[in-house]
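Here's the structure we're looking at; comments come further down.
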Amino acid sequence: MMQHLFEKLFRAESMSQEESQQLFAAIVRGELEPSQLAAVLISMKVRGETPAEIAGAAQALLADAQHFPRPDYLFADIVGTGGDGTNSINISTASAFVAASCGVKVAKHGNRSVSSRSGSSDLLAAFGIRLDMSAEQSRLALDDLGVCFLFAPQYHTGFRHAMPVRQQLKTRTLFNVLGPLINPARPPLALIGVYSPELVLPIAQTLKVLGYQRAAVVHGGGMDEVAIHAPTQVAELNNGSIESYQLTPEDFGLNRYPLAALQGGMPEENRDILARLLQGKGETAHAAAVAANVALLLKLYGQENLRHNAQQALEMIHSGQAFDRVTALAARG
């Protein structure tokens, strides 16, 4: 079976969703030789992965994931692929705490850094938040605090089989876009940032195949976030239909700031930057960046007015309430 799929890929043909699921199920079980895995990933990359192939791979990884007790209530993920090369502060991580303060639930799936000096997990560890919280403890945090973090390596042990090949290839592959699609809590809503504008629509189409209820995929001026220095490309999935549009900082009622204003640092520096921000004492550019991302996330919950949402987020940031959730989550260690 595998040989048939290899030959198909080497003829630059696309796999069906089912074929991709079979192939990636074998990959996470460690059944491919490193040379076979490298050949598969590169042949898919050169041709361009289809939404059906990405969805099949995501389904294989979700089927292999450790169990998380999925809640009945609405909850979301806010996550980027990373790898945008901008080394910005952890906007999506800060946004998760602010969104929870605004009254919505966020189960954030994260990992250590891809391109910035500090990924979401690096930052959380710097705040004293345990990365190895059990699924049950994380679910309780989601219930009580409105926010929890699910550390990818804890739930996706099969990823390790691909790691040596990925490190040797030193190029982006399908695995770089899979992270945001394989949240073990299986959220019905998601705001997903991607490192390239070419990925915005294909990833939205993938989310449709995966059965998300409502989601937005974004790329803003080189960043895997909603941008405040440039227009943001959006593909929004809403009950099976996808709408593509552009957003500017002005659509949120926010000022523009240069990308340099969002420069991040090492985990400890980022921790200090975000601690000040979430206590209401941060830079105005940082607050605006988080407010824009929270505003779009709130839209997925049916709060359609982006200006109102951004204002609500800014009020939460200035009140310092978001930081209370950071300390409360750290206290659960």
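Positions of Cβ are set from backbone N, Cα and C atoms, glycine also.
According to Swiss-Prot, the protein carries these features:
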- GLY80, ASN111: anthranilate 1 binding site (BINDING)
- GLY80, 83-84, SER88, 90-93, 108-116, SER120: 5-phospho-alpha-D-ribose 1-diphosphate binding site (BINDING)
- SER92, GLU225: Mg(2+) 1 binding site (BINDING)
- ARG166: anthranilate 2 binding site (BINDING)
- ASP224, GLU225: Mg(2+) 2 binding site (BINDING)
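Here the features listed in Swiss-Prot are placed on the structure.
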residue : record                                              : Cβ neighbours (10 Å)
GLY80   : anthranilate 1 binding site                         : 30
SER88   : 5-phospho-alpha-D-ribose 1-diphosphate binding site : 25
SER92   : 5-phospho-alpha-D-ribose 1-diphosphate binding site : 27
HIS109  : 5-phospho-alpha-D-ribose 1-diphosphate binding site : 25
ASN111  : anthranilate 1 binding site                         : 19
ARG112  : 5-phospho-alpha-D-ribose 1-diphosphate binding site : 17
ARG166  : anthranilate 2 binding site                         : 17
ASP224  : Mg(2+) 2 binding site                               : 29
GLU225  : Mg(2+) 1 binding site                               : 28
Message = Under a three-state reading of DSSP, tell me whether ARG166 (anthranilate 2 binding site) is helix, strand or coil.
response = helix
Remark   = Here the binding-site residues are SER88, HIS109, ARG166, ASP224, and the Cα closest to that of GLY80 (anthranilate 1 binding site) is found at ASP224
Separation of alpha carbons, SER92 (5-phospho-alpha-D-ribose 1-diphosphate binding site) and ASP224 (Mg(2+) 2 binding site) (Å) = 9
Ask   = Can you tell me the three-state DSSP label for SER88 (5-phospho-alpha-D-ribose 1-diphosphate binding site)?
value = strand
Remark   = Students should find that the Cα atoms of SER88 (5-phospho-alpha-D-ribose 1-diphosphate binding site) and GLU225 (Mg(2+) 1 binding site) sit apart, in Å rounded to an integer, by 10
Task = With GLU225 (Mg(2+) 1 binding site) as the reference Cα, tell me which of the binding-site residues SER92, HIS109, ASN111, ARG112, ARG166 is the closest one.
result = SER92
Inquiry  = Can you give me the Cα-Cα distance between SER92 (5-phospho-alpha-D-ribose 1-diphosphate binding site) and ARG166 (anthranilate 2 binding site) in Å, rounded to a whole number?
reply    = 25
